[in-house]
Amino acid sequence: MSNESPKTFHVKNYGCQMNVYDGERMAEMFAARGMDASDKEDADLVILNTCHIREKAAEKVYSEIGRLRRKDGSSPVIAVAGCVAQAEGPEISRRASEVDIVVGPQAYHKLPEMVAAVAKGESTVDLDLPGLDKFAALPKRRKTGPTAFLTVQEGCDKFCTYCVVPYTRGAEISRPFAELVDEAKALVDAGAKEITLLGQNVNAWGDGEQDLGTLIRALDRIDGLHRIRYMTSHPNDMTDGLIAAHGDVEKLMPYLHLPVQAGNDRILKAMNRSHSRDSYLRIIEKVRAVRPDIALSGDFIVGFPGETDAEFEDTLSIVRETVYSYAYSFKYSPRPGTPAATMDGQIAHEVADERLQRLQALISEQQAAFNRDTLGKRTSVLLEKPGKLEGQLIGKSPWLQSVHILAPGLSIGDIVDVDIVEAGPLSLKGELLMQVAA
Ligand code: SAH
Ligand code: SF4
Ligand code: F3S
């Protein structure tokens, strides 16, 4: 830490898309104050935007803090933001004395004041959970790539017994409809072709009578916006209005991330998921009825306390029944302060490892099969980044698959029509037809 005001900053994100969104807003805030973004190694201010969801994610922050010390023994101003900050609070500065600022996910709009306080020799902690204050305090969106994130909802009231999010992000709150439409328009003006609506339970978003389906229909009317996505959803908040939007809003991409976590009703109950295996499968049926080609993804936890071999088999069978295009799967990680951490029947690592391998093998098979099915199809691709080869660009299909295209003359942000000519297990190769939007 130095006593001069920092002139350069670096934000390092861990965790979910909500953290990525928060990190972008932090960067915008410092840029608006005339500071320059820089590499982690050179920055005067480093913000570690942390994740507390599993033990490994939370531990990463401490090793990173150690690595920030420079050869001459000095350190940049270090701010720990995000969910580890909220969960561990002042304990962080006790464990790592280099840390100057600890700021929770709902208080990061106060970072500039906190940085100023550090320049005066103070170290500061702000773990308020004030709800929507931060959004009003943040600068207008001016810079974005072709795909942008927009947080519409924060927090979680579901209290799944394994999960820290209700404690680190606070209660469910929705940002007002008009503010979101304005932010979406600002993002499109700044160059976004696709917007992904975000929330810990994004489909719990609501403003009066309006549900996420209504918001999606409003965004559908924004000229220049071509694609809408949303994540992560909870099965209990999957309203009929939102399902209907999948049937008739063309800009809403055919992709749904709907975590089920496990396939056995006793485990789902112990997890406090408040949906059953059957109610989940019924939602999938309804969504497929209006959008048969929808790509489904999900999250799974293996080795939840008390999970027997037979109960784990039910997870494999719900995967077989649902058929995913992609899914995330995790080994249960006991989190301090959550009810599951002290439940009887904690599962040995080797058992959980073996279950995770079996589940991941099945998911990989399904992903490869899903990709194979798109071979020979004609589809649109939004170009997002350069590929490794000369003249190659990588973009996403409507079903969120990576598509590699040899596209001399095209630019990032273009939307092009391609024929899928090769389908690997993880990505596709597309051949260009014509440009449909620039
Ligand atoms: N709100 C979302 C997801 C939030 S966390 C939902 O309910 O689906 C993202 C994923 O991390 C969860 O879906 C879950 O699969 C996983 N996860 C959460 N807590 C975990 C824990 N203690 N151990 C392992 N995985 C966990
Ligand atoms: Fe965590 Fe459950 Fe809330 Fe998702 S719904 S954030 S898993 S408590
Ligand atoms: Fe991690 Fe917090 Fe997101 S715990 S997953 S960064 S909400």
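From the backbone N, Cα and C atoms, a Cβ is placed for every residue, glycine too.
Sequence annotations record features per position, and here TrEMBL assigns [4Fe-4S] cluster 1 binding site to Cys16, Cys51, Cys83. Sequence-distant neighbours of Cys16 ([4Fe-4S] cluster 1 binding site) (same chain, six or more apart, CB under 8 Å from its CB) are Cys51, Ile53, Gln200, Thr232, listed in sequence order. DSSP assigns Cys16 ([4Fe-4S] cluster 1 binding site) to coil in the three-state reduction, placing it in neither a helix nor a strand.
Annotation note: Cys156 ([4Fe-4S] cluster 2 binding site) sits in a coil segment as assigned by DSSP. Sequence-distant contacts of Cys156 ([4Fe-4S] cluster 2 binding site), defined by Cβ-Cβ distance under 8 angstroms and a gap of at least six in the same chain, are Cys163, Val165, Pro166, Arg169, Ala171, Glu172, Gln200, Asn201. The [4Fe-4S] cluster 2 binding site feature in TrEMBL is assigned to Cys156, Cys160, Cys163.
Residues or ranges marked as domain 'MTTase N-terminal' by TrEMBL: 7-120. Taking DSSP states H, G and I as helix and E and B as strand, the domain 'MTTase N-terminal' (7-120) has 52 helix, 25 strand, 37 coil.
Annotation comment: TrEMBL describes 142-369 as domain 'Radical SAM core'.
What TrEMBL lists as domain 'TRAM' is 372-434. Helix, strand and coil content of the domain 'TRAM' (372-434), in residues and according to DSSP, is 2 helix, 36 strand, 25 coil.
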Cys83 ([4Fe-4S] cluster 1 binding site) versus Cys160 ([4Fe-4S] cluster 2 binding site) - Cα distance in angstrom: 17
8 Å Cβ shell about Cys16, Cys51, Cys83 centroid, [4Fe-4S] cluster 1 site members excluded: Tyr14, Gly15, Met18, Asn19, Thr50, His52, Ile53, Ala57, Gly82, Val165, Thr168
Neighbourhood of ligand 2 - binding-site residues from Cys16, Cys51, Cys83, Cys156, Cys160, Cys163 with Cβ under 6 Å: Cys156, Cys160, Cys163
Packing count at Cys51 ([4Fe-4S] cluster 1 binding site) (other Cβ atoms within 10 Å of its Cβ): 21
Shell of the [4Fe-4S] cluster 2 site beyond Cys156, Cys160, Cys163, same chain only (C-beta within 8 angstroms of their C-beta centre): Lys158, Phe159, Tyr162, Val164, Val165, Pro166, Gln200
Where the C-beta lies under 6 angstroms from ligand 3, the matching binding-site residues among Cys16, Cys51, Cys83, Cys156, Cys160, Cys163: Cys16, Cys51, Cys83
